[in-house]
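First comes the structure, then the notes that go with it.
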């Protein structure tokens, strides 16, 4: 049945951030992406594609036999798609870090899987896709190099995005699927994404907010060498909180309603100082220790707690080793001056 442009615009206006118009046009990957990102970055992608809907409808109405199959040609290289793959891969990695980092071997299995699936989701938007095994394989190969470090999200997403672009191809023509079958698959994918996060938020709120604050702080610390960009990212990340607070400040809402989010807000702002203080405690150093003292103490503790040197208590040694390495990385970064934000 031919798809109508008017109906597409109606669905775009009514349920665009949830991907209803893409579901109507048979663009299930695009619909799922919009569900996960609330319309592409909080609705920015949804607004931008207002001008793209006619071309989407034309693609959907193209005869099945006229679509290119996976063996005929290669889609054009798209810098926008590559950038979107990077961003969504990072986004999936941050969500996994918040909701699944308590899992054993998270940095070996959970993190590369989440980032790789985010990259593949963008790679499969429209009528093109990429090599599933190679993209995930690269993500799993890169992950051990940065084991235990949140910054691993960046190189994993970059490597997976490059691989997905290198092996891009058109989707093979397949027979039509029933709407119920499509909704079933989309529902399972949505539950797999939101389930762990919802469980943590509802059943362990305090720990989840701590994960959120730590993840945001780690993300902002990536920009320590670019203060202006770091301040911009901080403003963007905290914008939803600021807007919501402004809307309800004088409308009868108790301040206690926001006490948990206030903690996150203040924690992110003071994250660097608090994390450095904790790092000094882990290494057993006084605040203000020199770089030479930090390096010497780090080497001493690594010799004691390296898993290869503590085979009689591998679990405790692994935990201490990761804490020591994380503390050293924090103290090795240039300190952000007060008032720079």
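Cβ atoms are placed via backbone N, Cα and C, with glycine included.
Taken straight from TrEMBL:
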- 278-341: domain 'J' (DOMAIN)
- 6-24: transmembrane segment (TRANSMEM)
- 31-48: transmembrane segment (TRANSMEM)
- 82-100: transmembrane segment (TRANSMEM)
- 107-127: transmembrane segment (TRANSMEM)
- 139-162: transmembrane segment (TRANSMEM)
- 183-207: transmembrane segment (TRANSMEM)
- 219-239: transmembrane segment (TRANSMEM)
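Same-chain residues lying 6+ beyond the ends of the transmembrane segment (31-48) with a Cβ under 8 Å from its Cβ atoms: 12, 16-20, 22-23, 88, 91-92, 121-122, 125, 186, 189-190, 193, 240.
Long-range neighbours of the transmembrane segment (107-127) within the same chain, counting only residues 6 or more positions beyond its ends whose Cβ lies under 8 Å from a Cβ of the stretch, are 27, 29-30, 32-33, 36, 59, 67-68, 81, 84-86, 88-93, 95-97, 100-101, 135-136, 138-140, 142-144, 146-149, 152-153, 156-157, 160-161, 164-165, 168, 170-171. When averaged over the domain 'J' (278-341), pLDDT in the model lands at 75.
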